[in-house]
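Single-structure report; data block below.
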């Protein structure tokens, strides 16, 4: 199945701003060499929050391998949706509950490999912990401490739209955990059901197969345009991609070729959560709410559409938002907040800043 490359060249030119060449990784998994050329293999780590046995991650892994990449999977043993960037490690040396869908039995080691593919690993922890297990244990101990060129997380079984869900999602959490380690990363999210890969359809119109191809097309284009650079993406920057309803889950039945466009997280469609009390059950549930803060544009290109609006209303388009792990407020807004704290809070003496020369 051929996928459209509309907007993909733009992805490389806009998101691949010049990397700070003075930065170099200090451990084996931080990116500390140039992006490989065509005559050498690119190493990609795949992770997610829906478990190592989900149809989405297995289809993505297989598709990346078809392209000739050197691919490893380090993913949670069990479903870990909604864990954000939390870092939960195994409490025992064995699996108390087994792995998702019985893909590893109760009592199996808390981390282990697929019996048919030693590049596929599960880990009894959250997504951020699982990908770090790859960086700090599995790759150094069993795979010659190979340098990772890119981490891809997902595709998630559910959209991750807007700034609130960005902090909540385990898929996004694995992405920004990797970015903070100096490893370029992309989070992918779709909207299909939790499906065991062994029971998944092989049809070309199956959503997991379309998501795998669409995600791989974005990865392939990005790596092609990044050849010879110090890093696939600028340090501290990641991509958050949301894929629309496609194939067998698309009500129109027409979307098999989602077209990627640039978006931002905040905007007119962006939402956050609120509590809603149910008088019948006496319990709370969550609902959606918009605020001035979800619409605010403080960083980035304010003329881009927001990802929530694009995915909910634009049809067969994928949203690609460029995100940063530098959470400090922009200079003018930071100065205003600092001014409002005058009289008590002081600035550090000259020479105590975070960057050379401060």
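A Cβ is built for glycine as well, from the same backbone N, Cα and C atoms used for every other residue.
Site annotation (Swiss-Prot): Mg(2+) is bound by 49, 50, 81, and the candidate from 156, 160, 192, 199 recorded at this site is 156. Between the CA atoms of residue 156 (Mg(2+) binding site) and residue 92 (N-linked glycosylation site) there is a gap of 27 Å. Here residue 145 (N-linked glycosylation site) is compared against the binding-site residues 49, 50, 81, and the shortest C-alpha distance is to 49. Put plainly, the recorded positions 92, 145, 156 were compared by Cβ crowding within 10 Å, and the winner is 156. For residue 278 (N-linked glycosylation site), the count of additional Cβ atoms within 10 Å of its Cβ stands at 9 [all protein chains shown].
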